[in-house]
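Colleague: What TrEMBL records for this protein is below:
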type     : residues                                            : note
TRANSMEM : 21-38                                               : transmembrane segment
BINDING  : Ala29, Val30, Asn34, Ser258, Asn290, Leu409, Ser413 : Na(+) binding site
TRANSMEM : 50-68                                               : transmembrane segment
TRANSMEM : 89-109                                              : transmembrane segment
TRANSMEM : 175-193                                             : transmembrane segment
TRANSMEM : 247-272                                             : transmembrane segment
TRANSMEM : 284-305                                             : transmembrane segment
TRANSMEM : 400-422                                             : transmembrane segment
TRANSMEM : 443-464                                             : transmembrane segment
TRANSMEM : 470-493                                             : transmembrane segment
TRANSMEM : 514-533                                             : transmembrane segment
TRANSMEM : 561-586                                             : transmembrane segment
Amino acid sequence: TAACKQAMEKSRPLWDNPLQFVFACISYAVGLGNVWRFPYLCQMYGGGGFLIPYFIMLIAEGMPLLYLELAVGQRMRKGSIGAWKIISPYLCGVGVASVVVSFFLSMYYNVINAWAFWYLFHSFQDPLPWATCPLNSNRTGYEEECETTSSTQYFWYRQTLNISPSLEASGGVQWEQALCLTLAWLVVYLCILRGTESTGKVVYVTASLPYCVLIVYLIRGLTLHGAVNGLIYMFTPKLEQLSNPKAWISAATQIFFSLGLGFGSLIAFASYNEPSNNCERHAIIVSLINSATSIFASIVTFSIYGFKATFNYESCLNRVILLLMNTFDLEEGSLTADNLSEMKDYLMATHPQEYAHLSPQLKNCSLEAELDTAVQGTGLAFIVYSEAIKNMEVPQLYSVLYFIMLLMLGIGSMLGNTAAILTPLTDSRTIATRFSKEVISGAVCFINCVIGLIFTMEAGSYWFDIFNDYAATLSLLLIVLVETIAVCYIYGIRRFEKDLYTMTGRKPNWYWKLMWAFASPLLIISLFIFYLSDYILTGTLQYQAWDATQGQLVTKDYPGYALAMIGLLVASSTTCIPLGALVTFIRKRLKRESVSTTA
């Protein structure tokens with residue numbers, strides 16, 4: 001009855017104020033992707049020129065879909081499963097698919113927080129453990145693997161991951177990483193212990209602290225030698241990239257995933273809003289803050305990129321100069337970076353045999369090549385940044401600040417991921433009446449932690465890449481496509497418009513309705529076709545394995561069981577949508593038959 005529904009709405013816990021809700025959305029949406037993927041895309045697709053397709057996709061896709069999810073959650077007052085079930089019983093599978101994807105994401109995403117804890121604990125050492133190569137067992141030289149690569153890569157691949165040479169060599173669980181993962185899940189559990197009561201307090205910290213650290217890094221980054229080179233590289237637009245379809249696809253994908261659409265987290269957060277909350281304004285605010293953070297983080301990242309590239313470039317020049325001076329017995333100061341090219345030509349003309357013999361050892365030092373080295377994901381977060389940090393003054397301080405920032409970003413995202421799982425569970429009367437919130441939260445965290453131990457094995461990094469690449473991409477595109485079609489063409493856009501007017505006293509203008517009904521679905525279909533064709537054209541799926549003898553990553557084919565796992569990850573979430581509709585149809589059919597038989 002209406003009275004029962006009103007009582008349920010009153011009993012539902014709410015955010016203390018609209019600002020708390022905004023902080024929760026920012027804490028969830030502004031995550032590691034803003035720090036380690038957006039700068040990579042700028043680097044790959046035209047520097048400042050990439051901002052053109054990025055902002056077009058923000059207007060055409062990001063803000064409209066975010067507004068839609070917030071409005072659905074606020075109107076239906078349920079988690080993802082309950083909300084879509086109210087819109088249509090046949091759409092219950094959409095919510096289930098969102099929960100499944102969020103469960104997969106939670107399983108592997110918290111491993112990043114475990115790695116951040118590991119680096120944070122080692123950041124208090126002087127010198128930093130990744131600053132130099134460790135001595136070998138005989139203490140007569142450095143570890144051979146470290147000498148073939150770099151100290152930062154050695155610390156990451158050998159001392160952190162203890163990575164196996166291939167996916168087939170799974171190895172055992174690394175107890176240090178397992179303890180860090182347990183700690184990461186314990187922190188998450190304490191943050192979500194009492195639902196919005198505890199989460200609402202934590203989001204103020206997880207949303208604001210990363211900005212404080214980024215400001216500190218911005219000030220430090222801009223004062224670093226060579227920072228200007230990185231910023232010039234970033235803001236110099238390469239407009240020819242605008243004709244590259246992948247630049248537009250990447251911009252749309254970045255907007256889509258950085259806002260966290262389709263996971264059910266935004267619907268869960270919005271369900272705890274006051275019904276009269278202005279979700280349109282909040283959708284615009286969160287979208288713009290998310291995009292501004294990406295640009296802000298890119299300025300910080302490229303200033304550090306410029307410092308690292310300049311440092312490597314000048315180190316390369318100094319090694320070449322020292323080698324030439326020692327070989328040809330040149331006077332001190334006669335060979336500098338300014339006259340290096342002319343001196344090379346002179347030595348090659350006057351000492352052709354000696355120069356030819358020395359030539360393989362002479363590297364071609366290039367600042368542009370250093371800046372062009374594109375790195376994203378864990379490579380940027382744990383290798384490039386740590387390499388730059390070790391060359392700063394007081395590296396321990398900047399290391400602690402950086403990895404605390406990573407933890408805040410990671411924990412903030414985890415609060416949203418777990419909310420997407422817990423809200424539908426606590427909405428279920430069967431579960432909520434038998435178990436307390438603390439028990440349900442504890443069970444979810446415990447199950448995820450136990451399964452997550454897979455990622456702490458020697459081959460765990462390869463499994464992490466599988467989940468990161470395939471657990472969500474196609475599934476989320478399908479989920480959000482069905483969501484948009486469901487609201488516009490099943491529930492009805494006019495009916496949805498009336499709901500928004502009832503809640504906020506304002507009807508959505510033509511822009512929102514045009515994006516929901518036409519532009520956003522077409523964009524999502526284009527993305528879906530692109531990714532599907534990309535997977536098909538790629539042929540045999542491959543992964544990057546660490547070769548300790550070469551000190552670099554090598555490409556290998558996925559084994560059969562890994563391909564089966566990839567198929568299972570994609571199918572387990574996408575099939576929820578048709579299966580949910582089929583089960584609902586069968587139930588209704590059986591119920592109709594039983595009623596007719598009784599009559």
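From the backbone N, Cα and C atoms, a Cβ is placed for every residue, glycine too.
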Colleague: Who are the chain neighbours of the transmembrane segment (470-493) in space, where the CB to CB distance is under 8 Å and they lie at least 6 residues beyond its ends?
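Modeller: Distant Cβ neighbours of the transmembrane segment (470-493) are 65, 68-69, 72, 84, 87-88, 91, 94, 97-98, 100-101, 104-105, 108, 256-257, 261-263, 513, 516-517, 520-521, 524-525, 527-528, 531-532, 566, 569-570, 573-574, 577.
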Colleague: If you count every Cβ pair below 8 Å, which range out of 50-68, 175-193, 284-305, 443-464, 561-586 shares the most with the transmembrane segment (89-109)?
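Modeller: It is 561-586, which has the most Cβ pairs under 8 Å.
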Colleague: Pairs of Cβ atoms less than 8 Å apart decide it: which stretch in 50-68, 400-422, 443-464, 561-586 has the most with the transmembrane segment (175-193)?
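Modeller: By the under-8 Å Cβ criterion, the transmembrane segment (175-193) pairs most with 443-464.
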Colleague: What is the set of residues, excluding Ala29, Val30, Asn34, Ser258, Asn290, Leu409, Ser413, whose C-beta falls within 8 angstroms of the centroid of the C-beta atoms at the Na(+) site?
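Modeller: Neighbours within 8 Å of the Cβ centroid, excluding Ala29, Val30, Asn34, Ser258, Asn290, Leu409, Ser413: Ile26, Tyr28, Gly31, Leu32, Gly33, Leu259, Gly260, Thr293, Ser294, Gly412.
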Colleague: Other than its close neighbours in sequence, what residues sit by the transmembrane segment (284-305), given a CB gap under 8 Å and a spacing of at least six beyond its ends?
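Modeller: Cβ under 8 Å, 6 or more out: 22, 25-26, 29-30, 34-35, 38-39, 42-43, 51, 54-55, 58, 62-63, 66-67, 211, 214, 217-218, 221-222, 224, 227, 230-231, 233-234, 254-255, 258-259, 371, 380, 384-385, 388.
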Colleague: Suppose we draw a 10 Å sphere around the Cβ of Ala29 (Na(+) binding site). How many other Cβ atoms does it contain, all chains included?
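Modeller: A 10 Å sphere around the Cβ of Ala29 (Na(+) binding site) contains 27 other Cβ atoms.
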Colleague: What is the total of other Cβ atoms whose distance to the Cβ of Val30 (Na(+) binding site) is within 10 Å?
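Modeller: So the number of other Cβ atoms within 10 Å of Val30 (Na(+) binding site) is 29.
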Colleague: Mind checking which residues of the chain, 6+ beyond the ends of the transmembrane segment (443-464), have their Cβ under 8 Å from one of its Cβ atoms?
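Modeller: Tertiary neighbours of the transmembrane segment (443-464) are 103, 106-108, 110-111, 114, 161-164, 166-174, 177-178, 181-182, 185-186, 188-189, 192, 418, 421-422, 425, 435, 543, 545, 562.
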